[in-house]
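Database features (TrEMBL):
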type	residues	note
TRANSMEM	22-40	transmembrane segment
TRANSMEM	47-67	transmembrane segment
TRANSMEM	73-92	transmembrane segment
TRANSMEM	104-132	transmembrane segment
TRANSMEM	138-157	transmembrane segment
TRANSMEM	164-180	transmembrane segment
DOMAIN	195-440	domain 'CN hydrolase'
TRANSMEM	446-467	transmembrane segment
Amino acid sequence: MIRRIFRPIIAGLLVASSMPPWGWWPLGIIGLGLYGSTALQRRDKSFSTGLYFAIAWFLPSMAWMWFLTSPGYIIAVLIFSVMHGCAGYVATQLSSTTASHRTALVICHSLAEVLRLSFPFGGVPLATIAIGQTGGPLLGLAPLMGVIGISVTTLYLALTHRRFRAICVVGFLVLLGNTWDNTHSIGRTLNLSIVQGGGEQGTHAIDTNPRDVFDVHMTATKTLQPNSQRDAVIWPENVISITNHGLFLDSPEYSEIVQQAKRLNVPFVVGITEDAGQNQFTNAQVVVEVDGTISGRYDKVRRVPFGEYMPLRSLLKSLGAPTDLVPRDARAGTSRGWLDFADTRASVAISWEIFFGGRVNEGVTDGATFIINPTNGSSYTWTILQTQQVAASQLRAREQGRDVVQISPTGFSAFIDSNGTVHNRTSIGEQQVLERSIQLRSGRTLYSRMGNGVYIWCLLIAFALLARRRSRAIRIGAS
């Protein structure tokens, strides 16, 4: 038993090591290659080989989830592992030769990764193959084909036996992605100040005084001096909590934000939560102008399962799970993902939404010149999720050819340029105000125009062709 599972577990651990915070991206390709060679040798154990491989991949790379919701962590790891176990099994059924088996493994495991973008709970695209490659050259593929293309390419490089040809083809595509993305600077920069208030990690909203979070951010903001070159100040996600206290517009926190906007003579973009009925709340980013006008509002569309709403609440409660950590569910927004301020448009992805390319692309489609990612990682222990979120911001920057500004109350906060390079990343827990000039950009990459749909259809067509070929081979053999 131990001998049978040893190789797939080692392969999965190698893939996990490619994920942030470890980030040893070559090990991702090596791990996938080891899994592939094992799967080719053990056709009769294809499901269990894929299952053990995926368990070893996801257990460490999603360990942050244990501290948020241990039942959710176990459920997510099992679901994802079964997906890849099924992918391995189906690949075996679709192939009759070693070459076709390699192709089937690439297609089936790519489809398993695609499925994770939307299932379960609307998608949980964490610890993906693409995230594990953000530190390497394959990030250059993002403007052309996004995370799906990076995942397919990584699997192809790892599993093909024609390595030289594969390296030449992929090398050409990486060169193309790095030299042409169809975006350009509009000749204008934006000078931004982003505020990280600091504090402990691993805390929950129900155990803290929301005013304390506001106060540390206000204290940091008051260190800023008026500057005619500054264009805006941005605060993180939901650091202004008005739940159970009416509306933001009527709150003392609103008045204090207006005072600072007037003092610094720039708009503030701040994260708020408000009541939305007896059992719901909203999570929004709003623009407060110098005169106190709230000129824009974006309510978060993609909610965090087990963080902002509790899937299967009744079932989990009956099993004794701590559903009280999320006493009320967030109400999903319906507006387009952007805000206008400082005479330009920003694509807005609040926290979790940065993991979904389509959320960011929505704002860019509507004319955004840069991207903001106000987030709140204070509930998570260690730095696994936070570093993966920075990697997701790098992916979005390359996919869209836009600078990304990530703002967190306890870290990480950072500026990511359109090449995917991270600048001025803060430390966890520190109080810090970052100021940087970013480039405003226009144009749309190939990925931005095509989205994920084209690549999903290509995979489905390839899957159908494999199935048809296998069916024909069976019929010929039977005759």
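The backbone N, Cα and C atoms fix where each Cβ goes, glycine too.
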Report task. Mind looking up the mean pLDDT for the domain 'CN hydrolase' (195-440) in the predicted model? Result -> 92
Query - Contact between the transmembrane segment (22-40) and the transmembrane segment (446-467) (3 or more Cβ pairs under 8 Å, separation 6+) - result: no
Report summary line: With the cut-off at Cβ under 8 Å and a gap of six or more residues from its ends, the chain residues touching the transmembrane segment (138-157) are 25, 28-29, 32, 105-106, 109-110, 113-114, 117, 125, 128-132, 163, 166-167, 170, 173-178, 181-183, 357, 394-395, 398-399, 401, 420, 445-447, 451-452, 455-456, 459
